[in-house]
Amino acid sequence: MAVPGKAAFHLPPLPTIGEIIKLFRLKAQKQLSQNFLLDLRLTDKIVRQAGQLKNAHVCEVGPGPGGITRSILKAGVEQLLLIEKDPRFIPGLQMLSEAAPGKVHIVHGDILTYKMEKAFPKHLKKNWEDEPPDIHIIGNLPFSVSTPLIIKWLENVSKKDGPFIYGRTQMTLTFQKEVAERLTANPGGKQRSRLSVMSQHLCAVENCFIIPGQAFVPKPEVDVAVVHFTPLVQPKIQQPFELVEKVVRSVFHFRRKHCFRGLETLFPESGRLKRTEQLMMTANVDPTLRPFQLSMSQFRNLCDTYRKMCDEDPGLFVYNYREELKQKKKTRKLIRSTSEPEQTEEENHL
């Protein structure tokens, strides 16, 4: 809804994105998995998936040469925060900032470490139970960053901190098509994974549309999907993020085997079989199911039961299966080295 007395915002004539790339001699860096989207019809379509942006506050992650940035500004936002790690893109973004006086704030920094708790005005905060605040996160994410970043933001959703200190902030982000399929996969689907459970237990996740690889410069080897996230009022599993993540990771540890095998890794070797049986029986989960077949309610039962077992045995949660394997490997090496006969000087020389 337009604010009375406020004229619709229009960008003045600007060089095209292609011209910006030539002007500043920008080249996508393979090691940063950068891909530019030059077609403004597609950038407009991405921005439309975010919803109504008129007078909203938006954070764009990794704007690069500024294609999506232009579409966000055309949508009539109140304020736009740009977080860009690569200094080569800053001059082109400053040109956009000058074309939209007072609307754009550019931060040269890494989104993985940037503190978003103070990124937006306090008056935008809403209660978690209310409608989402007038704040949006939008980004064409580099493939190398997308998965660790969404895991970090899902943890923020769980703890209601970071960009979610303002309420149920919505996100519209790009991922490799395969990652997007994992994020939205249903139980029983081939792509069902740890990412599916962690995202869907905290957010409503929608795979909006596919962008073919040839739309990007340089062309990636895979297609790209646009995914929209809206945090849920109530998570589907009412347990701390770290506990849910540990249980889900364990279940998918041996993806092709029965879920019993993965859940065993939650327990120390001593008493492992008995405690795994106890967990599955109490949670009422069939031990012969494959990890991708488990429903969200079965994951909830497993997490709730594991929490009770941790409450009864406070040392259980800190147990690390991988560390136990490392220690066993070290011990075996030590035994072998002490049991081997000492070599003579001649043998050492040979």
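Any Cβ shown, glycine's included, is placed from N, Cα and C.
Per TrEMBL, the features are:
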BINDING   Asn35, Leu37, Gly62, Glu84, Asp110, Asn140  S-adenosyl-L-methionine binding site
DOMAIN    42-233  domain 'Ribosomal RNA adenine methylase transferase N-terminal'
REGION    330-350  region 'Disordered'
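Within the same chain, residues at least 6 positions away in sequence whose Cβ sits under 8 Å from that of Glu84 (S-adenosyl-L-methionine binding site) are Gly62, Pro63, Gly64, Ile90, Leu93, Ile106, Val107, His108, Gly109. Counted over all residue pairs in Asn35, Leu37, Gly62, Glu84, Asp110, Asn140, the record's binders of S-adenosyl-L-methionine, the longest Cα to Cα distance measures 21 angstrom. Its own atom aside, the Cβ of Asn35 (S-adenosyl-L-methionine binding site) has 21 Cβ atoms within 10 angstroms in the protein chains shown.
Considering other CB atoms within 10 Å as the measure, the emptiest surroundings among the binding-site residues Leu37, Gly62, Asp110, Asn140 are those of Asp110.
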